[in-house]
């Protein structure tokens, strides 16, 4: 039965690498390398598609995801190479048994339930010597098996980070895609929708009528109304058309053909660059979450309630901003000419900082994704009915809340933010950078031609002054782009300022 040299049979424990067939080692390495190359080519191909379609923001978001995956890869390498040294560290027993994830005898039969990997993970990786034994009264800081489980957790983080990022972007784009019908309608009926000779009473407009009612007179009932409105129908047609009109009137030239829905879509892509990143502050949150996930403390159950509460609070605030603009229109005017004009200003947002809302959304999406990842990792490593899931009904509720928050934040809150944040005092320059250069080049080209032609006057300089209603920089690229005249003969080639894909 005994094998020669370092060999062993199935009853003698696992074989080392020197006794493993070469074909087995070559096959395993080849499969792993092939899978890695395919994944790298897929990411590279996605980047090429974004570049060809001029999706600069999505390409930058993809690069950020690759950077986050690289960080997770470094963490994995450090765990692999340093696991024997880490496992050799010892601490006093009174510290080694304090603040554990599970109780000492917490299991279905009154005994501690070992994870399914314990029986086959007693092995050495990248080192020949076993971890040093601790002296009496001391225990290892962390075992080799526990380090392997942390390694698996890092892998789960990487996979679910990519999945959640893709889901977030797909849901957000799907929501904004539904506004395309409204945009096409207002472009086709541009003259009728913006007829300056049409006078109406303020309370007769759809926008004011849908937001101003007896409930709006009391601030408590006002916010209750906004709370439920975000879940029933977050953006109405009148909301979209009114905010579109306010944005164009303040930031662009009147009567200009402008695809506002496409601008919102690019603005969402620009916001996506922020929400896919993992900042040091978020890594600190991960450490705190793991630190306080102590048996019997139930701190994580309280932390789980943070994403849904913040999501509902942000949605209520964004709806309140829309309703406040409707109230301001009613207070300012009894009769309006054309479409109602909202007052564009940063003061509508918390601390006059629209970007603060985006950072909160970033935290919500990350924490929610982390908790879902944590659930699936525990299920994989310890089973669905492990000591981690002592109150199973509570765990099911937490998972259901996580799925609901993911949908609510990605499909409703994030697109609503992308729309309402355009009512701030500034507009995003990153969306207009390429268009600005093209517009200026065309203007200079036309100016040069007309100056060289006898009897032709030079075209007027672009109006760099913004229209009243917002405090924006007078010479911002958006204003320069908006004020450049587009010749009628050029309109067939460039329908609007955002004519790209």
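Each Cβ is built from the backbone N, Cα and C atoms, and glycine gets one as well.
As annotated by Swiss-Prot, compositional bias 'Polar residues' applies to 491-501.
What Swiss-Prot records for 443-501 is region 'Disordered'.
Per Swiss-Prot, the feature region 'Calmodulin-binding' maps to 450-471.
The annotation topological domain 'Extracellular' is assigned in Swiss-Prot to 1-22 (among others) on the grounds of sequence analysis. Within the model, the topological domain 'Extracellular' (1-22) carries an average pLDDT of 59.
Feature annotation from Swiss-Prot assigns topological domain 'Cytoplasmic' to 44-68 (among others); the stated evidence is sequence analysis.
Per Swiss-Prot, topological domain 'Extracellular' is recorded for 90-151 (among others).
If you look up Swiss-Prot, you'll see 173-273 (among others) marked as topological domain 'Cytoplasmic', on the strength of sequence analysis.
The feature topological domain 'Cytoplasmic' is assigned by Swiss-Prot to 317-359 (among others).
As a summary of secondary structure, the topological domain 'Extracellular' (381-391) carries 5 helix, 0 strand, 6 coil according to DSSP. The topological domain 'Extracellular' annotation in Swiss-Prot covers 381-391 (among others), and the record cites sequence analysis as its basis.
According to Swiss-Prot, the topological domain 'Cytoplasmic' annotation covers 413-501 (among others).
Cβ atoms under 8 Å from those of the transmembrane segment (23-43) belong to residues 17, 62, 66 of the same chain, restricted to positions at least 6 beyond its ends. For 23-43 (among others), the entry in Swiss-Prot reads transmembrane segment.
As annotated by Swiss-Prot, transmembrane segment applies to 69-89 (among others), with the evidence given as sequence analysis.
If you look at the transmembrane segment (152-172), the same-chain residues 6 or more away from its ends with a CB under 8 A from one of its CBs are 58, 61, 65, 68-69, 72-73, 75-76, 79, 268-269, 272, 275-276, 278, 365, 369-370, 372-373, 376-377, 380-381, 406-407, 409-411, 414-415, 418. Per Swiss-Prot, the feature transmembrane segment maps to 152-172 (among others).
For 274-294 (among others), the entry in Swiss-Prot reads transmembrane segment, with the evidence type sequence analysis.
Long-range contacts of the transmembrane segment (296-316) within the same chain, counting only residues at least 6 positions beyond its ends with a Cβ under 8 Å from a Cβ of the stretch, are 103, 223, 226-227, 230-231, 234, 289, 357, 360-361, 363-364, 367-368, 371, 394, 398, 401-402, 404-405, 408-409, 412-413, 416-417. The transmembrane segment annotation in Swiss-Prot covers 296-316 (among others) and rests on sequence analysis.
The transmembrane segment annotation in Swiss-Prot covers 360-380 (among others) and rests on sequence analysis.
Here the transmembrane segment (274-294) has long-range neighbours at 61, 64-65, 68, 71, 99-101, 161, 165, 168, 300, 303, 358-359, 361-363, 365-367, 370, 374, 414, meaning same-chain residues at least 6 beyond its ends whose C-beta is under 8 angstroms from one of its own. Sorting each residue of the topological domain 'Cytoplasmic' (173-273) by its DSSP state yields 74 helix, 3 strand, 24 coil. Counting residues of the topological domain 'Cytoplasmic' (44-68) by DSSP class, helix then strand then coil, yields 22 helix, 0 strand, 3 coil.
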